[in-house]
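Here is what TrEMBL records for this protein:
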type	residues	note
ACT_SITE	Pro2	active site, schiff-base intermediate with DNA
ACT_SITE	Glu3	active site, proton donor
ACT_SITE	Lys57	active site, proton donor
BINDING	His88, Arg107	DNA binding site
ACT_SITE	Arg257	active site, proton donor
Amino acid sequence: MPELPEVETVVRDLKPRLTGRRISGLKVLLPKLLRQKPAEFNRIIGHKILGLSRRGKLILIHLSGDLTLIVHLKLTGRLVHGKNQPDHTHVIFEFDNGSRLFYADLRQFGFLDLVPTSRLKTHQALASLGPEPFDISEEEFLSILSRSRRKIKALLLDQNLIAGLGNIYTDEALFRAGIHPERPANTLTAEEARRLLEAIRQVLKEAISARGSSVRNYVDGQGRAGSFQSRHQVYHQQGKPCPRCGTPIVRKIVAGRGTHFCPYCQPFKHPLPSLD
Ligand SMILES: [Zn+2]
């Protein structure tokens, strides 16, 4: 699933291409991907794109007339601006300059939701989201961890606690921080939690610079693959030597997800929760 770096890359690509454009036409080939009836969704036509932003893994396209289009790519969604229609295109937006934006989705788990901008913050897709990894304070992060006995991996995947992380970047961040994915969150020391937050930010930053990871079929806003997959240290590296110590990387199901880690660099220590 596209995670924060991939969604951020798509938003950064599309922003200069779409901002200021007026939607002149709409073709809906698969209505079930829309959260509204096509007739209602049609009111997007004629509105101008004021800008784009990201919240967690959501793409937000801000329009004139108090409208925002929320796009969730889920597992295999692609939002591509260009000349050539990608395979599995289900929705096509046409613009006043003749260009087109395609929403394609092989597995069809994604969705498009047209909502009033004035009610965006309280909309269910956004209201429940936790803070962004780049915005959360150290204290806030520590406090989220200290309140939960859940496995740290499960906690990091929970969009309601911290938004934007998925399977790839939780595995990579936990490896960088040297923390076992099954450690109960409240057993991390303050020092470990700080190291983890720093690792999360660092890996996300590097992945954004590399235009995301193309596993499955992710492409950026212009239909190009990202390159961070070649720099994954543990994700899908099971059996290969750990880049730090040479121990083979292990894959285990944690929190219902295939989880990759180094058993030597990420030992399962279980100290008592610190009292300070
Ligand atoms: Zn190692």
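From the backbone N, Cα and C atoms, a Cβ is placed for every residue, glycine too.
Locations of recorded TrEMBL features on the structure.
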residue	record	DSSP class
Pro2	active site, schiff-base intermediate with DNA	coil
Lys57	active site, proton donor	coil
His88	DNA binding site	coil
Arg107	DNA binding site	coil
Arg257	active site, proton donor	strand
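Glu3 (active site, proton donor) and Lys57 (active site, proton donor) are 6 Å apart (CA-CA, integer value). Long-range Cβ neighbours of Arg257 (active site, proton donor) (same chain, at least 6 residues apart, Cβ-Cβ under 8 Å): Lys153, Leu157, Asn167. A Cα-Cα distance of 21 Å separates His88 (DNA binding site) from Glu3 (active site, proton donor). The two recorded residues Arg107 (DNA binding site) and Pro2 (active site, schiff-base intermediate with DNA) have their Cα atoms spaced 13 Å from each other. Other C-beta atoms found within 10 angstroms of the C-beta of Pro2 (active site, schiff-base intermediate with DNA) number 32, with every protein chain shown included.
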